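Read the structure below first, then the notes.
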């Protein structure tokens, strides 16, 4: 989709010639409505009270504007003035004002951080996906095309550039996830990556099925061998000369997950095009780092396969040899994400980056435990703390989970180094997946007792699917969860 134009303006527009709607912020308490934005017209608080405005999150009230001026909209804001309050309020307003061409936001910003969050939230709220609509396209309101934010900053250009880049990254994830698996499969995904990278200072390397076999990527090959559309591994590298640290990102990219021979029920297959969200997120984060010219090396590994049943599909009890030689007995072909990630994690570790973060819609257990707003994170304590801090700063919800080493025996194999699942076990499925992945994290040096490379695993299965009802800047459909946190983490790694 085409992103909105963003700009800063020193004062709120007074004419409908420059803006169609002016958005203000307000809240309410026991004493009534409190308008937070400066310059509001006299009596506005009473008008809001008369129409039942409560100041809650996701609340937007539209009122007539002054004669000759833009219409007025008032969005609910909490009393807290953290960055996320501005991001959320701006996104709420812009999302709900779809169908309006030009919007100006005059929220009570006082700092560059609040101003940047307002720009970001507004841009995130201006998303729609209509590529596959024909007869019904006219019924979908166009997102806001022009966004002005009232505020001044010496860093205005940088704030606008960052907000636009973050919103473009989230939009890319949503576009990729929204695409049907008929059109987005491993080969076309790889082609899309090459096209996206063409004008950026990044390199792209693609492993087809022949090269995957030659280089020992048995997990990706095994998962993909049941499909008529063969798998791919895509490596995206942004490596500026100024970089002193290296962040590796590994994404699960199952373009459609039928479950393989361990077939899902029909209802369980609906939405399984979302199973490549992790790969889309790490791709978008790497491209964003390049657009922002961050002084940090970012390598994204996209592990792409389609998990389908056929006469050539892997079977329960088959043994796969992962890159590096470790063997895995497949006891559940629907626990395929960890198999492709294992290859990606080993490959990422061979370069000995400063940290590895993998992102995957990995387990239904994560959604059962944490619902559809929170993603899980587990791994090395210090890196997990860094990832959580990046998520908090970017307005994403992560919850730390333990790496339960005592569960390792649960996925022991009678014939291989490890099993990918324990079909009779119903407890701790999310934790078991993390314990499995930990087996494939490399060491930071040649010695066998060298410490393992810091690693964090994000299980985004719950929030990736998006809400059944929109909220904030997030509409129905894919949420682009984790991409903003990954961009912030790359910024933190760069020292910017």
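Even glycines carry a Cβ here, placed using N, Cα and C.
Record features, source Swiss-Prot:
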type	residues	note
ACT_SITE	264	active site
ACT_SITE	338	active site
BINDING	252, 257, 275, 336	Mn(2+) 2 binding site
BINDING	257, 334, 336	Mn(2+) 1 binding site
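Each of the recorded positions 252, 264, 338 was scored by the number of other CB atoms within 10 A of its CB, and the lowest score belongs to 264.
Of all the recorded positions in the list 264, 334, 338, the shortest Cα-Cα distance to residue 252 (Mn(2+) 2 binding site) is found for 338. Annotated pair residue 264 (active site) and residue 275 (Mn(2+) 2 binding site), C-alpha to C-alpha distance, rounded: 14 Å. Take the binding-site residues 275, 334: by the count of other Cβ atoms within 10 Å of each Cβ, the lowest one is 334. Most buried of the binding-site residues 257, 336, judged by other Cβ atoms within 10 Å, is 336. Residue 275 (Mn(2+) 2 binding site) sits 12 Å from residue 334 (Mn(2+) 1 binding site), taking the C-alpha atoms as the reference points.
For the pair residue 257 (Mn(2+) 2 binding site) and residue 334 (Mn(2+) 1 binding site), the C-alpha distance works out to 8 angstrom. Other than the site residues 252, 257, 275, 336, same-chain residues with C-beta atoms no more than 8 angstroms from the centre of those residues' C-beta atoms, the Mn(2+) 2 site, are 223, 253, 254, 272, 276, 305, 307, 337, 340, 360, 361. Same-chain residues with CB within 8 A of the center of the 257, 334, 336 CB atoms, the Mn(2+) 1 site residues themselves not counted, are 223, 254, 258, 259, 260, 262, 264, 275, 307, 333, 335, 337.
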